[in-house]
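Features as listed in TrEMBL:
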TRANSMEM  28-47  transmembrane segment
TRANSMEM  67-84  transmembrane segment
TRANSMEM  96-115  transmembrane segment
TRANSMEM  127-146  transmembrane segment
TRANSMEM  166-182  transmembrane segment
REGION    257-295  region 'Disordered'
DOMAIN    324-606  domain 'ABC transmembrane type-1'
TRANSMEM  359-379  transmembrane segment
TRANSMEM  463-483  transmembrane segment
TRANSMEM  540-569  transmembrane segment
DOMAIN    639-863  domain 'ABC transporter'
REGION    923-952  region 'Disordered'
COMPBIAS  928-938  compositional bias 'Basic residues'
COMPBIAS  939-952  compositional bias 'Basic and acidic residues'
TRANSMEM  981-1004  transmembrane segment
DOMAIN    984-1264  domain 'ABC transmembrane type-1'
TRANSMEM  1094-1116  transmembrane segment
TRANSMEM  1122-1142  transmembrane segment
TRANSMEM  1213-1230  transmembrane segment
DOMAIN    1301-1535  domain 'ABC transporter'
Amino acid sequence: MCCVSLQVANQTLHTDRPDLPDCFQLSVLSWLPCIYLWVVFPIYLFYLKRNNRGYIMMSIMNRFKTVFGLLLWIVCWTDLFYTFHELRQGHTQPPIYFVTPLVLGMTMLLATFLIQFERLRGVQSSGVLFIFWFLSVLCSIVPFRSKILQASKESEVTDKLRFTTFYFYFALVVCELVLCCFNEKPPLFSNVVTDPNPCPETTAGFLSTITFWWFTRMAIKGYRMPLEAKDLWSMNPRDSSKVMVPKLLKEWEKEQSKAKSEPNLSSQAVYSKPPPKTTNHIVGEGGGESSPEEAEVLLSNQKAAPHQPSFLRALIKAFGPYFLIGSAYKVLQDVITFVNPQLLRMLISFTKQKGVPDWWGYSLAFLMFFTAFLQTLILHRHFQYCFVTGMNVRTAIIGAIYRKALVITNAAKRSSTVGEVVNLMSVDAQRFMDLTTFLNMLWSAPLQIVLALYFLWQNLGPSVLAGVAVMVMLIPFNAVIAMKTRAYQVEQMQYKDARIKLMNEILNGIKVLKLYAWENSFKEKVLTIRQKELNVLRKTAYLGALSTMAWTSAPFLVALTTFAVYVTVDENNVLDAEKAFVSLSLFNILRFPLNMLPQVISSMVQASVSLKRIQSFLSHDELDPHAVERKNTGTEFSVAVINGKFTWAKEDPAVLHNINVMVPQGSLLAVVGHVGCGKSSLISALLGEMEKLEGDVSVRGSVAYVPQQAWIQNATLRDNILFGKPYNEQKYTCVLEACALTPDLEVLPGGDMTEIGEKGINLSGGQRQRVSLARALYSDTDVYLLDDPLSAVDAHVAKHIFDNLIGPEGLLKGKTRILVTHGISFLPQVDNIMVMVEGRVSEMGSYQELLSQNGAFAEFLRNYSLEDIIEEDEATDEIIEDGELFPEDALSNHTDMADNEPAINEAKRNFIRQISILSADGENPKSRSVRRHGCSQRKHSEQQEKHKPHEKQKLIQAETAETGRVKAKVYLEYIKAVGPLLSVFICFLYGCQSAASIGANIWLSQWTNDASNNQTQENVHMRVGVYAALGIAQGILVMISSFTLAMGNIGAAKKLHNNLLVNKLHTPQSFFDTTPIGRIINRFSKDIYIIDEALPATVLMLLGTVFVSLSTIIVIISSTPIFAVVIAPLAFIYIFVQRFYVATSRQLKRLESVSRSPIYSHFSETVTGCSVIRAYGRHSAFILMSDMKVDDNQKSYYPGIVSNRWLGVRIEFIGNCIVLFAALFAVTGKENLNPGLVGLSVSYALQVTMSLNWMVRMSSDLENNIVAVERVKEYSETKTEAPWEVEDKKPPPEWPMEGNVEFHDYSVRYREGLDLVLKRLTLNVKGGEKIGIVGRTGAGKSSMTLCLFRLLEAAAGEITVDEVKIAEIGLHDLRSKLTIIPQEPVLFSGTLRMNLDPFERYSDEEVWKALEHSHLQKFVSNQPAKLELECAEGGENLSVGQRQLVCLARALLRKTRILILDEATAAIDLETDDLIQSTIRTQFEDCTVFTIAHRLNTIMDYTRVLVLDKGQIAEFDTPTNLISQRGIFYSMAKDAGLTQ
């Protein structure tokens, strides 16, 4: 074809001015770009047809591109016609001169077509064309140079036309390439235009996309100031829940229907009903989420059908294609990885040969750089695809689980707790996300291993097998270590949980611990657990050191065995630089896949477990949406049940039998019956929440539902009431009035815009119930189902609500109402009463009819006899008179309303603290009018006082989130905790280890130089021996250094935790009143966990990478000193990039973790309230809310992924530059370098990229994690209370003998800056007196007791007990001599014995005696464990009364001269109360007793009564004298009905 003899070698390789023959230029070089474009064209065309983004308007740039394309076609064909012209002239040219211009011309036309087609399809920047123009320019450079060389050689141009056309062609191609770098405008009608903060990725050009340049803007912004949520870009539409979730659900539904359509005959599946036509899934905006409602299969053998729908298949179908693109990149990258060792071989052989032209070395250096750079770009594209897939999988799984949770049946709900389902969302979805990133390693690792072995075999022959054998042996070693580590982790988690649980209890009961002076006992308990935890950590550290050693020495050991075998097997085998260093670089490549494989496999195992869990959850039965007829049938009954039989789960027995109910339009039906007779179940049945076995249910019109336990969202009060309905002020105020909520709004800090905590924590039980009623009332529906809404509120509030809302005169008259109730007083006013007995309707009719029938209803009334009602009313009145119902009690009465999780109680407590400023009425909005005239003035002034503290300070300070850089001081603190000497020693060890490693490699390069000097045989053994010694020394040093480091870290962790714990136990009570417990617990759990585990790992990696990078630079400089020149600019760029990255990624991580928890809390809220959500028909709104929360979270996660890619590309570019310069300088200094040194420096340079990358990541992690040290430190240095023991002021051991207590001019305040609570009290109490302390709420009664214990320190004045000033002695000396029986009985988890006597000071007989006196002996001796009876957390497994008695037993055991009794406000059952009172009278008759009384009858026989009012003594005398004085005490006694 060319008629040119191929003297290529002579023309190119062996001259200083190389050139390629014309034929090669015309054929290969011209055709390369064309072949590329024609191969890619069909695939690209298919892609463009599928993806249309709308067309782009013709721009000037586009016109230029098109014109240039046409010109190129003309230029190419000019050549063609000129060849024909020459043919006519008789100059015959070879065929290549016809073919090439023809092909080129066609290709240019194709390129021009693509330019226009892309514009119509909305492609803003084309990668395909960019690569084409780039290749064209690359390939034209050679002819460009050679044409000039020829012309200069022959001093004139022979072929003038072709010469000219070529330069035209070259200029046009370069123009096209330049134009291709710029972006087109976004397509018309694209969302980029409408979006306020679009992600620049969609509009980024090709170059910007592959180098992630578009992220730079955010990196700069994040560096200038901490990023905030508003700076984040919106999600790409294709990654949003709106697109992703339906995509997965569509595939999953296909799977389900496929599983359904192959009915399995063997298990006799019985279809209970045909699949109804309508859908049960909510059609979101995506519209694609409808699901064929599955026919419910009742399996006779209770097993699931063998053919289950496969969730995995659904995932693969939904996300596989996108993921495969990433995999394609991975294949490319794997292949390119192996190019560099080959180039290294050529470079080493180049330095060996004499007389090779220099340009060859330079081109090799640049080729190395280019392949490394290409590899970087491809690798990060692959990661980008994988991470985005992972993110999409997480989005879709969370969405699918959320949608499913709204429609599963109750039976299914019972099989998995809320916590488990939240775990599915958080843990399992996360596992899938983590797996997708490494999934490709499954096939890529074996591929890399096979390729590496192939090249090694070529290099060293069969000796490689020795090395491989070592690798294979290391795998089980690593696996064993991993197994052990995992076992240790589990064990350590258990200790950690136990420790946190204990801490939680300690902090919850801190006040009790202080009052009893029990801190030391509990400190010991925590420290023993902590010690066990640290022991496990230490074991893990041993293992960690081993595995680090295996990981660093593996490549060395492999190299050692291979080389040793290679030189000893055969005398003729010579180890030269090529073989040694190429093998080394291949071994280094091997290291990564070998290490990754076991990890990938273990994470696959975890993911498969997760897969099963998610699959079984998504396969649960769903509620039948047609169980309840909703059509507006023409009857006058708005609710009808005919022959209903209902059950909660198909396999359970029926709960309701034979139910027949007809409720006429607009009537009020009351449902009554004993506890557990099925009243609530009936309501559930009407809502369609139960399985209907037989019969029909129809409900006409819309439904509003008030559950028995109010369900409150974490939103503002107003949102809770509106529940998605538009706001209408008039209607809204009317609703608030009717629900008696107006007075409550006045006391809430933000009125109706107050944020309500999770589960309605900062509302009392009654307020929650009323909000729930208000929601129903506001929704304005046709049918109201009210499940016992009146039980949680006070009697008179209930009456108010019944009259204004539910009853015949209420706002709802005319609507259909079904009311479940226990309140008998309302029954006469309802239209119909239905009495239920054991799941059946026993009778039904009006009040009068039922009374006359004298059946079950009449008996029910007798049980709750009318006297009760009257008494109930009086009691309420009394309490109102007393004004003693302050909010804390309103809450403590309803503890059963909230789940008693510690976290909840904790949060409840915080909110109580916030509301401690509420008015005295708690639940009594009406009390103002009821209260007798005597108090109106008092009331007024009290109100004003109450609101004062509010302006002065917020009770709970917001937690400070760290922003910006961490100060050097924190690092120093940590180094101090590790130990300064130890820290220096650790660095020294790392230095030694690097030195050993460099030494081994330098020795290797000396060894390889033996080959060129032909003195190989004599000293093989010495060479191998020293090499081995150095390498093994390195391994041992690695182990020692990582172990010393771990020990230092554990020591630091121990020290930091001890300081924190000791400080927290010494902290005054006021700190705990203003700091939420969750915040303190967080220091003990999360921050300590980081210091225990995350920090050491980070420090280990950081030190490792720093020393590797340092040793690389040292090696390169030592072999080519000129390299030092380049270090400064590279280091500058490196530090620059690092600072930008760290600042941005740290803030992105924070934003991501902040936006993560709302997803889960919203979900658990939804699960608990799904019956309410369904009843009001709000599922689609809630699904949208969940999707928004997920998208918000992914919005901060996505830039986080990209920031890692951005960093990777830039840092690896620096690494590639190091490779380039190392190679370049090796070429320039070739004369005085031996091949061994070249190999050494370049192979070191090839490794450095990884280390540089990890160094930045780790330094960023270190900054994120070291904050934990700062936070722990902050809480270890808070102000402490007075010392526990003052040696020189110790009171005598038998003090106090008498029990005289004297207050002298005593004043006290709760905290700095607040008003005095007690003002100038002076009183004197003789030993043995019994003093009752009374007064209205807030008069300072409890403060007096706190003062005796010095939980509050005096503001002025002093207290003396038996001539000792209590302010001067140690706190423990004081507190251990006083005894208190506190209001709320606090028990700790542990044995009963520990709860009575944590220091084990008393014998068993004494303990039993105390139990006997406190009337607990019978109960305890009946328990199998006796005194070792385990108390649950908070004493859950004892009744409240029993807990109170345990506290009494504690007091009896201590038996001190002074007893303080803080009477329980919540009226515990009268029986227990009497027991306590009688015990105190008998057992403590010779002690001084102070009783804070809430019920006056207990103190009427006391020696004296102290009446406090606003912190001052109002009256102080014997009860009889006080009554005759007719003062405050008299009015209180009168209110209580004790005097006339």
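Cβ atoms are placed via backbone N, Cα and C, with glycine included.
Against the transmembrane segment (359-379), stretch 1213-1230 has more CB pairs under 8 A than any other of 28-47, 166-182, 1213-1230. Contact check: the transmembrane segment (463-483) against the transmembrane segment (166-182) gives fewer than three Cβ pairs closer than 8 Å, residues 6 or more apart, which falls short of the contact criterion. For the domain 'ABC transporter' (639-863), the predicted model reports an average pLDDT of 85.
Using a Cβ-Cβ cut-off under 8 Å and counting only residues 6 or more beyond its ends in the same chain, the transmembrane segment (96-115) has close neighbours at 1-2, 23, 26-27, 30-31, 33-34, 37-38, 41, 44, 62, 65-66, 69-70, 72-73, 76-77, 79-80, 83, 126, 128-129, 132, 176. Here the listed stretches are 127-146, 166-182, 981-1004, 1094-1116, 1213-1230, and the one with the most C-beta pairs under 8 angstroms to the transmembrane segment (67-84) is 166-182. Under 8 Å from some Cβ of the transmembrane segment (540-569) lie the Cβ atoms of residues 456, 460-461, 463-464, 466-471, 474, 477-478, 481-482, 484-485, 488-489, 492, 575, 579-580, 583-584, 587-588, 590-591, 594-595, 997, 1000, 1004, 1016, 1020, 1023-1024, 1027-1028, 1031-1032, 1034-1036, 1038-1040, 1042-1043, 1046-1047, 1049-1050, 1096, 1100, 1104, all in the same chain and six or more residues away from its ends.
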